[in-house]
Number of protein chains: 2
Amino acid sequence: MSKSIKLAILGLGTVGTGVINLINDNLGELKRRSGRDIIITEVGTRRQRDDIDASIIQNDDLMAIAASDNVDIVIEVIGGTTLAKDVIMHAIKHGKHVVTANKALLAEHGNEIFALAEANNVHVAYEAAVAGGIPIIKVMREALAANKVDWLAGIINGTGNFIMSEMRDTGRPFVDVLAEAQALGYAEADPTFDVEGIDAAHKLALLASIAFGIPLQFDKVYCEGITGITLQDVNYAEELGYRIKHVGFAVRRTNDKGKEGIELRVHPTLIPQNTLLANVNGVKNAVLVNSHPLGQTLYYGDGAGAGATASAVMADVMDLVRVLGSNDPSLTGQQGHHVPHLSFLPELLSDTPILRAEQMITGYYLRVHAYDNPGVLADITRILSDAGINIDAILQKPAHKVGQVPIIILTLPVIESQMNLAIAKIEKLDSVTDKVVRIRLDELA
Amino acid sequence: MSKSIKLAILGLGTVGTGVINLINDNLGELKRRSGRDIIITEVGTRRQRDDIDASIIQNDDLMAIAASDNVDIVIEVIGGTTLAKDVIMHAIKHGKHVVTANKALLAEHGNEIFALAEANNVHVAYEAAVAGGIPIIKVMREALAANKVDWLAGIINGTGNFIMSEMRDTGRPFVDVLAEAQALGYAEADPTFDVEGIDAAHKLALLASIAFGIPLQFDKVYCEGITGITLQDVNYAEELGYRIKHVGFAVRRTNDKGKEGIELRVHPTLIPQNTLLANVNGVKNAVLVNSHPLGQTLYYGDGAGAGATASAVMADVMDLVRVLGSNDPSLTGQQGHHVPHLSFLPELLSDTPILRAEQMITGYYLRVHAYDNPGVLADITRILSDAGINIDAILQKPAHKVGQVPIIILTLPVIESQMNLAIAKIEKLDSVTDKVVRIRLDELA
């Protein structure tokens with residue numbers, strides 16, 4: 001064993017503690033795989049902890065740790081986008097490699113952070129930022145490096161997937177299941193980030209950049225949560241052979257003139273019941289990637305939790321130790337050629353535009369409530385047909401209010417602007433009684 | 001773009017042609033991700049091909065190509081364990097990095113090949129050797145590098161999985177479906193390697209080494225194929241909530257005295273219907289890995305085919321280009337610290353023994369045929385109970401021969417030697433009419 005690798009862990013919450021436990025549990029495996037001693041030299045924590053090995057320096061001054069000569073790699077697991085950013089920028093300027101699990105920070109400030117890292121010849125590794133323990137960042141950046149990615153579809157928020165799974169399995173409404181998720185610790189007291197899709201949008205922005213070689217553009221992700229999903233729609237979807245999941249999509253589109261655009265969107269989606277993705281249940285995550293020439297591959301596992309996140313954090317550490325190790329004894333500076341932060345070379349990122357919502361193309365599930373008059377179905381299907389929208393299936397259910405029937409329509413993929421126009425016309429029909437409920441649909445084919 | 005990377009492709013069959021097509025299709029993506037030109041300079045082919053770009057030298061002398069100054073990386077896709085071995089050893093001695101898809105060669109001669117590569121400071125990369133386009137080698141060697149692997153279970157032979165899927169879906173017997181697989185080009189004229197489990201055993205030997213840090217020990221893999229699986233058993237399994245798949249298992253065991261041993265086995269296995277692995281159908285492959293602290297993760301995709309295999313081959317090339325590139329302008333020699341071939345440092349591989357079949361622990365599906373005498377069930381269950389074998393489920397079916405009934409028994413995990421003794425006793429019962437059919441069972445929990 002040559003030089004020891006010295007780690008600092010900033011933040012001793014669930015993940016930070018998980019990293020310490022992993023190193024304690026698996027030190028033998030780490031050494032056998034890296035040929036190095038890996039030791040934690042400093043931890044950043046606000047209050048002194050007596051359950052930490054006495055050899056580790058505890059310090060509440062994170063900026064001091066980030067600049068310490070006693071540290072090779074800084075692991076940031078404090079979260080948030082303010083102090084975390086300051087500390088990471090400081091560490092980079094002091095020539096430290098950084099490992100972070102902070103999806104919000106990278107999705108919103110990653111372009112700036114990665115540029116500083118390039119300029120300082122250090123790495124900012126972030127496997128734990130997307131899909132927890134599933135190594136989707138490494139897979140996309142390295143394993144699929146010879147592929148052209150056509151699209152990816154991910155269940156990348158465990159809380160949301162737990163809620164959708166439970167609604168279906170137990171027939172309870174959204175609010176009930178959300179309360180259970182909060183009681184189980186899967187959802188925060190303020191669940192906005194999870195149930196409104198913001199957390200998934202952060203992760204999707206990262207996945208899309210490394211899939212297509214575009215700058216991070218979190219602000220352009222179309223984002224729709226699961227708060228409006230009713231049991232009625234969950235059940236109709238099942239009856240038609242689909243399942244409603246909260247899915248993030250990044251899709252490369254080429255228009256008639258050969259111009260490329262990219263769809264970035266997270267929203268509830270009907271997907272076929274017999275796909276693996278539809279059978280990813282509870283808090284589990286999975287990402288399905290369709291690329292050329294590989295075709296479809298799927299990656300599945302725990303998207304959160306101390307063990308899964310620590311696994312991803314330490315995979316990044318092992319990469320730094322193994323690949324940069326001996327060519328660069330100080331573990332800083334001059335490591336030269338490597339895997340670019342966003343998979344593609346910074347100067348070769350593409351300015352392919354992110355499409356506006358109205359330009360996106362998806363199938364649709366529509367639930368229309370109408371008086372059971374003769375001709376209403378003909379009126380609706382005529383409107384869809386006039387808009388060039390192809391119907392894949394229709395289900396007319398018995399009336400549940402006097403004289404009113406729910407009509408369920410599945411459509412083939414259509415440009416959203418066309419669907420908006422058609423729905424506006426349908427809602428103007430005299431026999432239609434309510435706003436049309438619409439949920440996107442994808443065959444994942 | 002600095003220096004070009006010069007590739008030689010040895011063998012222009014399905015995979016070699018797939019690599020050429022991939023480079024033609026995705027050259028832009030390759031350059032954007034690596035910052036280099038990647039060019040094929042030489043190909044090894046027995047007969048001159050006129051569909052190959054004229055700038056590429058065609059040569060039937062593979063040894064000359066392996067030693068050519070015009071080549072940085074040698075891609076071996078000729079297959080077999082004789083010429084392929086000679087060529088790879090020759091390339092290594094001439095300081096070339098090697099990328100190979102040759103599972104048989106590595107499983108049988110990998111220890112020798114990797115040792116020569118270490119001595120010559122070059123890499124032999126082999127992502128395509130296991131599970132085709134699924135990046136399971138990179139995942140195990142790098143993404144799970146901080147984990148202790150407890151076990152893995154893989155559907156790693158597409159032909160076998162196609163046959164098992166079709167038998168279940170269409171109710172046709174093994175021989176019929178095998179003939180269809182041969183007509184579709186999924187199975188060879190001589191299907192032995194696939195249906196007897198040898199191909200899966202090759203891949204399992206590789207997976208086990210990088211999971212546990214042990215030398216390659218193909219000769220110690222317990223290997224059972226699918227030729228004996230009947231529709232009757234497929235249907236009984238379904239009725240009990242299971243599905244029969246051909247699965248490769250690598251399992252770390254610790255005995256009462258704390259001594260570790262490893263089970264390496266490929267065999268038909270009942271797995272629960274509701275697991276993702278049970279829903280991997282047709283020629284698809286998947287590997288489920290249970291590791292600490294990550295827990296279960298699953299990797300799914302195409303296990304064979306030109307595109308999938310080319311994707312894996314070129315992922316290895318991209319790794320070599322990106323990671324070794326600039327620290328080592330010649331792309332040979334002195335690349336120093338890196339990911340060890342078998343994930344663990346050669347000098348730190350472990351001599352943990354591979355367990356003999358009699359020492360292995362699995363659940364069992366038993367089908368016993370007996371005369372429908374009073375007391376026969378009591379006799380059988382008594383024998384199992386005396387051997388310390390716990391019964392999980394029993395299904396007694398109506399007689400299909402006069403007076404004879406099939407009795408299906410599922411057991412909890414038991415040491416195989418105990419099961420052997422119990423079955424011998426059951427077969428000696430007067431009322432038992434046939435050999436006991438046994439198939440292993442795993443809850444994947």
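Including glycine, each Cβ sits where the backbone N, Cα and C put it.
In TrEMBL this protein carries:
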- B:Lys203: active site, proton donor (ACT_SITE)
- B:Leu10, B:Gly11, B:Leu12, B:Gly13, B:Thr14, B:Val15, B:Gly16, B:Thr17: NADP(+) binding site (BINDING)
- B:Lys103: NADPH binding site (BINDING)
- B:Glu188: L-homoserine binding site (BINDING)
- B:365-440: domain 'ACT' (DOMAIN)
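Classification of the residue listed as 'NADPH binding site' by DSSP places it within a helix.
Separation of the C-alpha atoms of B:Leu10 (NADP(+) binding site) and B:Glu188 (L-homoserine binding site): 22 Å, rounded to the nearest whole number. For the recorded NADP(+) site, residues B:Leu10, B:Gly11, B:Leu12, B:Gly13, B:Thr14, B:Val15, B:Gly16, B:Thr17 set the reference point as the centre of their Cβ atoms, and the other residues of that chain within 8 Å of it by Cβ are B:Ile9, B:Gly18, B:Val19, B:Val77, B:Ile78. B:Gly16 (NADP(+) binding site) is surrounded by 25 other CB atoms, counting those within 10 A of its CB over all protein chains shown. Considering only the binding-site residues B:Leu12, B:Val15, the Cβ with the fewest other Cβ atoms within 10 Å is that of B:Leu12. Cβ packing within 10 Å was compared across the binding-site residues B:Gly11, B:Gly13, and the lowest neighbour count falls to B:Gly13. If you measure from the Cα atom of the residue listed as 'active site, proton donor' to that of B:Val15 (NADP(+) binding site), you get 18 Å. Taken residue by residue, the domain 'ACT' (B:365-440) breaks down under DSSP into 24 helix, 31 strand, 21 coil. Scoring each of the recorded positions (B:Lys103, B:Lys203) by how many neighbouring Cβ atoms lie within 10 Å, the top position goes to B:Lys203. In the three-state DSSP scheme, B:Leu12 (NADP(+) binding site) is classed as coil. B:Lys203 (active site, proton donor) falls within a helical segment according to DSSP. Taking CA atoms as the reference points, B:Lys103 (NADPH binding site) and B:Val15 (NADP(+) binding site) are 14 Å apart.
The Cβ of B:Glu188 (L-homoserine binding site) lies under 8 Å from the Cβ of B:Gln182, B:Asp194, each of these being in the same chain and 6 or more residues away along the sequence. Listed binding-site residues: B:Leu10, B:Thr14, B:Thr17. The one with the lowest count of other Cβ atoms within 10 Å of its Cβ is B:Thr14.
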